[in-house]
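Asker: First the structure, then my questions, so here it is.
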Amino acid sequence: MYSFMAGAIFITVLGNLAMIISISYFKQLHTPTNFLILSMAVTDFLLGLTIMPYSMVRSVETCWYFGLTFCKIHYSFDLMLSITSIFHLCSVAIDRFYAICYPLHHSTKITIPLIKWLLLLCWLVPGAFAFGVAFSEAYANGIEGYDILVACSSSCPVMFNKLWGTTLFMAGFFTPGSVMVGIYDKIFAVLRKHPCVTNNLPEDQNNQMRKDKKAAKTLGIVMGVFLLCWFPCFFTILLDPFLGFSTPVVLFDALTWFGYFNSTCNPLIYGFFYPWFSQSAEVHFTR
């Protein structure tokens with residue numbers, strides 16, 4: 001089990017580090033869309049570097065060796081990074097919406113200053129929510145026998161009551177997920193309606209349209225993988241308080257790792273669908 005998890009951590013850290021270096025180093029990749037992808041890669045990189053190793057020890061040893069305070073810090077960052085990822089994907093969906101549906105207005109609407117504000121929101125809002133909930137222990141209010149349920153503090157347990165379990169699912173997953181799905185549904189409706197090339201446009205604009213459509217499809221796959229990986233975990237958090245916290249620890253742990261697997265998949269998806277990523281990574285790592 002250690003070998004499998006360590007392998008996933010290695011791919012997550014190395015793959016996302018390659019993404020970060022590639023976009024940061026090559027100025028021709030400094031576009032609003034790629035800055036969003038860069039920030040999302042930082043999110044996945046931090047998850048692999050700072051969260052997954054400690055979760056690996058807890059999962060394999062079935063014990064938390066790092067103290068109660070660090071347990072809260074660890075869970076806060078874990079929750080923050082997962083919500084940050086979905087906020088990034090929402091921002092990317094908005095960017096692709098303008099690129100595909102309003103291509104003539106994309107460069108004036110989606111500017112670098114706007115991207116900076118979006119990135120600030122993508123990091124600050126999930127951070128304030130995650131740390132506020134974890135350290136206030138608001139998630140535990142009203143849970144009967146909570147002290148008994150978490151008596152073994154060495155397991156680093158975090159249980160959400162009905163209010164906060166529902167709030168987390170709705171605000172941290174369902175609402176932004178629904179926004180993403182709605183936007184991409186509109187995008188793909190436009191893609192199906194219009195041909196890839198328009199004879200009335202210059203060749204350079206046609207080439208840009210092709211790139212934008214390919215980017216939309218690739219990022220749609222990234223969105224789909226994210227929702228697939230994280231839905232079981234968030235849905236369990238929603239249901240567990242209504243089922244008397246009967247979800248087995250092993251099952252919840254497995255669902256959490258299935259969510260982590262999303263961060264492992266992202267650089268692999270980019271490497272497969274984006275030639276610039278594999279080419280720029282090759283330039284860096286073959287020097």
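Cβ coordinates come from backbone N, Cα and C, glycine included.
TrEMBL feature annotations, pasted as is:
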type     : residues : note
TRANSMEM : 6-26     : transmembrane segment
DOMAIN   : 15-270   : domain 'G-protein coupled receptors family 1 profile'
TRANSMEM : 35-55    : transmembrane segment
TRANSMEM : 75-94    : transmembrane segment
TRANSMEM : 114-135  : transmembrane segment
TRANSMEM : 163-184  : transmembrane segment
TRANSMEM : 218-237  : transmembrane segment
TRANSMEM : 257-277  : transmembrane segment
Asker: Per the 3+ Cβ pairs under 8 Å rule, pairs at least 6 apart in sequence, do the transmembrane segment (35-55) and the transmembrane segment (114-135) touch?
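Answerer: They are in contact.
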Asker: I'd like to know if the transmembrane segment (163-184) touches the transmembrane segment (114-135) in this structure, counting it as a touch only when three or more C-beta pairs sit under 8 Å and are separated by 6 or more positions.
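Answerer: Yes, these stretches are in contact.
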